[in-house]
Amino acid sequence: MTTKDTILIVDDELAIGELLRDFLEAENYQVFLAADSEECFRLLEQHRIDCILLDIMLPGQTGFDICKRIRQTNNVPILFLSALDQDLHIIRGLGIGGDDYITKNSSPGEIVARVKAVLRRSKQHMPAPVKDSHLDFGSLKIDVLSHEVWLNNEKITFTAKEFELLRFLAEHANQVFTHEQLYESIWGDYLEDSHLVRVYISRIREKIEEDPSKPEWIQTVWGVGYKFSGK
């Protein structure tokens, strides 16, 4: 018998949590509800959780606090839920280990579709074949096997998805990619919102560009997308 995927919804707005639970249970998921961090971690200890829908604005510990704590020991996919559709919130959420971000004004059906996509990626994602274990661009060096990035002989810390995106662009230096192509290559799904790619590009630029407002490594090709300049 196939085991149901288990979803944990962490939201202090009971009506929203129950609505999402009804939609997810209709798709044959097992669903648990938590209203705060204490309930969240109790359920994580008691059950195998395959995906977390995590509200940002919670009493006590925020969703950001909870995500950081979870990421110390657990790689379960986390989708942030928020009433706010702001780049700063998206950047922060993804930067601390969130896998996706969706606003509460999205339809329940869209949220369920995003849950399905994240679960599918987590189960099917396999590392891409290594073409070159070391990508050397002078002052910028990328070690594909160890997932390390060095800039001017200083090691730079990247999240897993930041590294995957930088590596992909670097392995295809000087080739232009649209938001959709990058999303499908890294996240393995159809892009419905260009926010995610744009936020990750911004985060990478903050780490490797001397002046992120005038990027030299990852350049914007207006009206098309982005390319990595192999110099």
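The backbone N, Cα and C atoms fix where each Cβ goes, glycine too.
It should be emphasised that the depicted structure is a prediction, and the values quoted were computed from it without experimental measurement.
Here is what TrEMBL says about this protein:
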type: DNA_BIND; residues: 132-230; note: DNA-binding region
type: DOMAIN; residues: 6-119; note: domain 'Response regulatory'
type: DOMAIN; residues: 132-230; note: domain 'OmpR/PhoB-type'
type: MOD_RES; residues: Asp55; note: 4-aspartylphosphate
| Helix, strand or coil at Asp55 (4-aspartylphosphate) [DSSP, three-state] | strand
| task | Compile a sequence-ordered list of residues in the same chain as the residue listed as '4-aspartylphosphate', six or more apart from it, whose Cβ lies below 8 A from its Cβ; state 'none' when nothing qualifies. | result | Val10, Asp11, Asp12, Glu13, Gly63, Phe80, Leu81, Ser82
| remark: Taking DSSP H, G, I as helix and E, B as strand, the domain 'Response regulatory' (6-119) contains 52 helix, 24 strand, 38 coil
| Can you tell me how the residues of the DNA-binding region (132-230) break down into helix, strand and coil by DSSP? | 34 helix, 25 strand, 40 coil
